[in-house]
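Annotated features in Swiss-Prot:
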- 1-18: signal peptide (SIGNAL)
- C39-C65: disulfide bond (DISULFID)
- N50: N-linked glycosylation site (CARBOHYD)
- D215: active site, proton donor (ACT_SITE)
- C217-C234: disulfide bond (DISULFID)
- H290: active site (ACT_SITE)
- C340-C346: disulfide bond (DISULFID)
- C368-C377: disulfide bond (DISULFID)
- T385: O-linked glycosylation site (CARBOHYD)
- T389: O-linked glycosylation site (CARBOHYD)
- S391: O-linked glycosylation site (CARBOHYD)
- T392: O-linked glycosylation site (CARBOHYD)
- T394: O-linked glycosylation site (CARBOHYD)
- S398: O-linked glycosylation site (CARBOHYD)
- T404: O-linked glycosylation site (CARBOHYD)
- T416: O-linked glycosylation site (CARBOHYD)
- S418: O-linked glycosylation site (CARBOHYD)
- T423: O-linked glycosylation site (CARBOHYD)
- S436: O-linked glycosylation site (CARBOHYD)
Amino acid sequence: MRALFLLALGSIPALVSGQLSGSVGPLTSASTKGATKTCNILSYGAVADNSTDVGPAITSAWAACKSGGLVYIPSGNYALNTWVTLTGGSATAIQLDGIIYRTGTASGNMIAVTDTTDFELFSSTSKGAVQGFGYVYHAEGTYGARILRLTDVTHFSVHDVILVDAPAFHFTMDTCSDGEVYNMAIRGGNEGGLDGIDVWGSNIWVHDVEVTNKDECVTVKSPANNILVESIYCNWSGGCAMGSLGADTDVTDIVYRNVYTWSSNQMYMIKSNGGSGTVSNVLLENFIGHGNAYSLDIDGYWSSMTAVAGDGVQLNNITVKNWKGTEANGATRPPIRVVCSDTAPCTDLTLEDIAIWTESGSSELYLCRSAYGSGYCLKDSSSHTSYTTTSTVTAAPSGYSATTMAADLATAFGLTASIPIPTIPTSFYPGLTPYSALAG
């Protein structure tokens with residue numbers, strides 16, 4: 001339970017001072033829920049033998065405790081052969097201290113929580129985990145189930161748990177509100193379609209999370225408002241993003257702050273191709289990157305998605321500031337790449353204190369198209385007519401040098417062998433400790 005009005009709003013520009021619209025997290029503590037009623041899955045048929053299907057036991061324990069209580073999954077190894085859909089909870093929690101191993105082969109969601117309020121999923125030891133064994137699918141060029149999906153969940157938190165090797169996406173928050181996600185490690189295979197965290201909804205704080213994969217690190221989708229994402233470690237990932245954005249996009253009041261990105265697709269991307277609607281009031285602040293394919297990549301003609309009918313998604317009032325580090329090859333992929341729709345130009349953009357230098361060669365490019373505002377290759381004009389400009393930079397920008405993280409991976413995890421369960425880091429951004437100490 002956190003009253004996040006106490007965040008230092010004075011340090012945030014006025015355009016995004018309302019990034020959170022109220023308090024986030026569960027309304028009742030896990031200890032209070034446990035004191036009301038505790039439903040130990042061992043009492044409902046679970047056996048920690050990594051063989052007996054734990055799905056029915058979790059479902060039964062939830063039914064007994066969903067109206068007020070705590071579902072307890074003790075330490076030990078459990079096999080999940082049938083997926084669990086947990087619905088209609090109120091003032092309930094799941095304490096995951098054991099490790100759940102996927103043995104089932106169905107599609108869908110291994111663990112789904114829906115239509116629930118005042119909810120908490122956590123490990124008291126920071127060692128609770130779900131191992132998806134996605135490599136079994138990926139080695140054959142296929143995908144399977146997603147690990148965790150929350151749908152229409154309000155006043156919630158997910159923390160101190162580990163998600164590993166999802167057959168598809170790792171963690172999705174679908175139309176959720178007033179939530180907090182923190183102190184997590186997510187580790188997946190090195191290919192697309194294995195998203196780390198996808199979130200759409202309202203008033204959600206995601207912080208102190210490490211993601212390894214090759215797709216979304218922490219990504220906001222539409223519709224979304226008042227989302228705060230900070231202290232994120234994209235450690236050989238796809239990188240953080242917004243989108244993809246299509247018809248009737250509605251995204252506003254989004255803050256990403258203190259994001260460290262290593263050997264990823266990009267430091268941040270906003271991706272669309274046609275479509276309609278708006279993205280407004282966005283702050284991308286304090287980013288460090290090394291070894292990434294792209295750095296800032298706003299692409300209104302993103303070729304990896306099929307074009308959507310419409311003039312394009314209108315981006316307005318976007319601020320990018322205090323970015324440092326290096327990029328793999330800034331001459332082939334501009335560190336500043338702002339490509340907006342000619343028929344829906346970006347307006348009121350601010351690029352400030354961006355210092356990214358190429359790791360290969362001695363020059364890099366900045367590219368802007370139909371993008372208006374201040375800084376670098378943006379045009380400052382009220383006409384908002386289409387244009388494209390490319391500038392060549394031949395000297396390293398002042399202040400680009402930035403620290404690395406000791407836990408930066410030397411190589412990605414492959415697709416043909418089991419990915420080990422990691423420990424949750426004690427830092428997710430250089431020089432910062434988590435807002436909340438790890439549990440246990």
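Each residue, glycine too, has its Cβ placed from N, Cα and C.
For N50 (N-linked glycosylation site), the spatially nearest entry among the glycosylation sites S391, T394, S418, S436 is S418, judged by CA separation. Other Cβ atoms within 10 Å of the Cβ of T404 (O-linked glycosylation site), summed over all protein chains shown, number 14. In the three-state DSSP classification, T385 (O-linked glycosylation site) falls within coil. A 10 Å cutoff on Cβ-Cβ distances gives S418 (O-linked glycosylation site) a total of 13 other Cβ atoms nearby, all chains included. For T404 (O-linked glycosylation site), the recorded positions whose C-alpha atoms fall inside a 10 Å radius of its own C-alpha are H290, out of C234, H290, T385, T389, T392, S418.
Ranked by Cα separation from T389 (O-linked glycosylation site), the recorded positions C39, C217, S398 are led by S398. The Cβ of T394 (O-linked glycosylation site) lies under 8 Å from the Cβ of S362, S363, each on the same chain and at least six residues away in sequence. Note: the Cα of C377 (disulfide bond) and the Cα of S436 (O-linked glycosylation site) are spaced 40 Å from each other. If you take the C-beta of C340 (disulfide bond) and look for same-chain residues 6 or more apart in sequence within under 8 angstroms, you find I298, G300, G312, L315, C346, R369, S370, A371. Within the set of disulfide-bonded residues (C39, C234, C368), the lowest number of other Cβ atoms found within 10 Å of a Cβ is recorded at C39. Taking the C-alpha positions, the distance from the residue listed as 'active site, proton donor' to T416 (O-linked glycosylation site) comes to 18 Å. Within 10 Å of the Cα of S391 (O-linked glycosylation site), the following recorded positions from the list C368, S398, S418 place their own Cα: C368. Of all the disulfide-bonded residues given, namely C65, C217, C346, C377, the one with the smallest number of surrounding CB atoms inside 10 A is C377. Across the structure, S436 (O-linked glycosylation site) and T423 (O-linked glycosylation site) place their CA atoms 16 angstrom apart.
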